Structure formats: C-alpha cells, structure tokens
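Taken from TrEMBL as is:
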{"type": "BINDING", "residues": "33, 58, 85", "note": "S-adenosyl-L-methionine binding site"}
{"type": "BINDING", "residues": "112, 144, 177, 178, 179, 180", "note": "substrate binding site"}
Ligand SMILES: C[S@@+](CC[C@H](N)C(=O)[O-])C[C@H]1O[C@@H](n2cnc3c(N)ncnc32)[C@H](O)[C@@H]1O
C-alpha cells in the first residue's frame, strides 16, 4: 500500500543515531511530535513548513495507519513516523543538539501511581531532552489536565538546563488536534507549557553498533542443555534475559528460542536461532523479530552460546 511509505523501522537501521538528512534526502530543521494520534497536527505543520523535516512517534498501530493516509493525501515528503515508544526512540535515534522542537499534544496523564512509569514526562525523559534538543530548541506540551501541566512546569523549572514560560490557559493555536476539539466541545480548560533548552545535558545511549552484535560459531552443542535453560533468569549488571519458549525444527537441525531481555526498564521479546551449518553450529538473531541491538541482547547471544557449547 502506497501510503505506508512514511513508516520507518529503526531496528533495521545499521547506524544510530539515525542520519536524518539521508532518510529525508534533504537538510532541514528536525521537528518531532510524540503521540500524533490521527496526525492532524503533524500534517498541517509539515504542509506549512516544507523546508523542515518532521518525525512522529506513536505507539498505536491504528493511529499510524490513519495518519499515514492523511500524509499521503496531503502529498507530504517531509514526514516520517515510527511506531514505537517515543521516550526510548528519541534518546536512541537522535544525536545531541539536533532537534529544533518537540510537540506533545494531549497525552494521557496516567494519573494512577501504578501507571506512573507510562507518563511521557518522567525524569529520565527530561534528561533526554537536555541532550537532544538544540540550544534554544523548544518543547511544547498541550494538555487538558491542570495538575499535569503544573507538574511538568515545576519539574522543568527546577532543572537548570531549561527555561520555562508561564503556563498559558485556553491558548489558541492555528491548528487543533482531534483531542483538542473533543475537549473544547466538552468545555474543558486547556493548558500550554513551553520550555526552551539553555544548557547541554549528557545522556547515555544503549543501542550498540551493528558490528558489535556477534553471531557465535561453536563446534558442537549439548542439546539437553538447551532445555535446561528454559525459564532460568540470567543477569549481568543491568541486563537480564529469560528463555520463554523453545521450538525444535522437524526438518533440519535447528532450534528457535523465544527470548525476553531487559536493559534496565527497556524490555524486548525476540527469537534466537541455533542452527547447524556444515561442521559447526551458529547462534544468531532470527531476522523476523529484529530487536534493538542492546547490551542485554548481546549478553543473551553470548551466554546461550557459552551454556550450550560442548567444551
Ligand atoms: C490522548 S491521545 C492524543 C492524540 C493526539 N495528539 C491528539 O491531540 O489528538 C495520546 C496518544 O499518544 C500515544 N502515546 C502514548 N504514549 C506514547 C509513547 N510513549 N510514545 C509514542 N506515543 C505514545 C497514544 O497511542 C495516543 O495515540
């Protein structure tokens, strides 16, 4: 389907941070929208600013689909989207001092304590913004939730990497999002928080270079050992992994392991192949489920090879 051309899968990018100029095939200021929903805001912004490049993050696949149809109908060529968590991706996919503006329109505030970690504006994300925004680069949050606006305002105010403008109540921007229209019909108040980066922060990234993700070749494997690994938790510093399922091929000497990893609070599920190749066995990532190349993924490949190798 032609309209799906706006979506990129960063797990397949050989090098991170991503070279955005190459992706867009043109230079341009980088604008980012988090949780673009139906894509109304990004489509209008991209149409009005054809010289800039827009990257949107959205966790809902349905929203990504809807937005792409809109971009296609608008005939835009300065928009890309990524169907993944913006907090992780913005940290990992952008070099320091590269983003001009980040826009967050009407995010869910996740008011319950047990859902706190789902909020966009957690401390970690402020640190990311202090790295990836350019000096004088800005972030704009529009919300219908007063306590949320105040909390974000206060947290940025306490952080000397940023300058914060006073909250604007019932602001009027030329483009309205779907949620904005909905809340206006309900006569809800809305709040705009604007911050500007004034000092560089320093963020650590975890995605590894492509060449740093090994395949392991081993002479022989202990097949019983593979089953013993099932559901056992392996941990090294902040990286953990568990093998949750094991599949055995009926047609060739091949095992596929379903592996769960975590690097701190970043979790992934993917498959690892153990496959016989002539005189040796190869342990490598199964390409159908390419994970981000994190230290936990590398640890899992190495440890599995170490555990099953006949020494
Ligand atoms: C309440 S809707 C607002 C949609 C749109 N911005 C608007 O104003 O109409 C929030 C959107 O953010 C998305 N979202 C939530 N957390 C996200 C995250 N961590 N990264 C990317 N998108 C996220 C949700 O899937 C949802 O579509």
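For all residues, glycine too, the Cβ spot is worked out from N, Cα and C.
What TrEMBL says about a protein is an automatic prediction, not a curated fact.
Note that the coordinates shown come from a computational prediction; the quantities given were computed from them, not determined experimentally.
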Three-state secondary structure, residue 33 (S-adenosyl-L-methionine binding site) (per DSSP):
strand
Pairwise CA distance, residue 144 (substrate binding site) versus residue 33 (S-adenosyl-L-methionine binding site), rounded so that it is a whole Å:
18
When the Cβ positions of the binding-site residues 33, 58, 177, 178, 179 are compared with the atoms of ligand 1, which fall under 6 Å?
58, 177, 178, 179
Work out how many Å separate residue 58 (S-adenosyl-L-methionine binding site) and residue 180 (substrate binding site) at their Cα atoms, rounded off.
17
Inside 10 Å of the Cβ of residue 180 (substrate binding site), count up the other Cβ atoms and send me the figure.
21
Compute the mean position of the Cβ atoms of 33, 58, 85, which form the recorded S-adenosyl-L-methionine site, and then list in sequence order the other residues of that chain whose Cβ is within 8 Å of it.
34, 35, 36, 56, 57, 59, 81, 82, 83, 84, 86, 89
Cα distance, residue 177 (substrate binding site) to residue 33 (S-adenosyl-L-methionine binding site), nearest Å?
12
Site of maximum Cβ density within 10 Å, from binding-site residues 33, 112, 179:
33
In angstrom units, rounded to an integer, how far apart are the Cα atoms of residue 177 (substrate binding site) and residue 85 (S-adenosyl-L-methionine binding site)?
20
Where does residue 85 (S-adenosyl-L-methionine binding site) sit by DSSP, helix, strand or coil?
coil
Between residue 112 (substrate binding site) and residue 85 (S-adenosyl-L-methionine binding site), the C-alpha gap once rounded to whole angstrom:
20
Roughly how many Å lie between the Cα atoms of residue 178 (substrate binding site) and residue 85 (S-adenosyl-L-methionine binding site), rounded to a whole value?
21
Neighbour tally for residue 144 (substrate binding site), based on other Cβ positions within 10 Å of its Cβ:
18
How many neighbouring Cβ atoms, not counting its own, are there within 10 Å of the Cβ of residue 58 (S-adenosyl-L-methionine binding site)?
26
